[in-house]
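For reference, the structure is listed below as C-alpha cells.
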C-alpha cells in the first residue's frame, strides 16, 4: 500500500491558528479566534512552521509565565499543516462536536475551532490546560477539562451536548487527537466501544503502532488480541506518516495517523456476549504459539474445541494467529458462550 509522508517543508508566512489556509474567515459572532493571535514561525532548523514555540513566546509576551514542558510523555506538533490534515481526515465540519485528548499548546485545537467544531479538550496536566485557556480565552465553543482521559466519564459530558445540537436527529461526536504515545492503546480500548457517542476517531500514534492496528495480518508476529478488538468495534484505515522532525521534543520514532470508523452496536459481529467473546480471544492469545485445543482447555474440553474448529472449517490443530476475527466469532458461537 502506498503511504503518504508528511515532511517538514520550507518556512512560509502562516495565518493565525484560528484561520488555517483555504478556510473562510469566521463570522463576527460565530467561530472563535484565539485571544492572542499567534502566527506560526519557522523552526530553528528552517523546516516546519513552529506553532509550539511561537505560541509560548506570544503568551509570555503578554505577561504569562509558560515554559516548555518536555517530560509529560507528549510530543508537541510543530507543523500546522499536519493539524489541517488531521482535521480533514476526520471530516470535521461546522457544528461538529469533537473530543481532543491532550491538546498541548492548542495548535490542533485552533484548527478544529476554525473548522467550526465545538471542542471538548481533556488535558491531564494543569499547566498545559492553563496554557490552552490563556490562548483561546472564554468561549462556549471550547471546554477545557483537567482530567486523565482514562478516568474521564465520556457519556456524562458528551450526551447533553449532542442532545442540545441534535435538533431531533441522532448526532454523533468525533475524536481527533495527537495522543501522548504512552496512552494510545488505553484510549483505543476506551473509545472504540462507544458507538453510541462517536462516529469516527482520528489519532496520531507511533507510526509502527498505527500500521499494526490498521494492517496486521493473521500468521504474523504483529497479530494480537487488540487487532481482533479494533476490527470488532471499527473499520481502521492507515492514513499517512508524519516524520519525527515535525514534533517537539523530537521523538526517536515517526508518527502515523490512523482513522477508525466506529461501528454502531447493531453493526458488531453477532456474539451472545462481548465480554465472554473477548475473554476467549485473550485466553487464546495467552498461549499464542500453542494450539487452541491447549490454550483454551481451561474453558472447554479439547474434544469440544477440536469439534468446533472442524465445524467452522479449520484444522483441529489451529493456533490463534491463524484465525481472523470472523473465525473467532464462529468459534465462540459454536462453543455456546
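Placed from the backbone N, Cα and C atoms, the Cβ positions cover glycine too.
Taken from TrEMBL, the feature region 'Disordered' covers 1-54.
The compositional bias 'Pro residues' annotation in TrEMBL covers 10-20.
The compositional bias 'Low complexity' annotation in TrEMBL covers 30-43.
Taking the Cβ of residue 148 (S-adenosyl-L-methionine binding site) as centre and 10 Å as the limit, one finds 12 other Cβ atoms among all the protein chains shown. Annotation comment: TrEMBL describes 75, 77, 102, 123, 148, 178 as S-adenosyl-L-methionine binding site.
Residues or ranges marked as domain 'Ribosomal RNA adenine methylase transferase N-terminal' in TrEMBL: 82-264. Per-residue confidence over the domain 'Ribosomal RNA adenine methylase transferase N-terminal' (82-264) averages 94 (mean pLDDT, predicted model).
Once the Cα atoms of 75, 77, 102, 123, 148, 178, the listed binders of S-adenosyl-L-methionine, are compared pairwise, the greatest separation found is 20 Å. Counting other CB atoms no more than 10 Å from each candidate's CB, the binding-site residues 75, 178 peak at 178. The least crowded of the binding-site residues 77, 102, 123, judged by other CB atoms within 10 A of its own CB, is 102.
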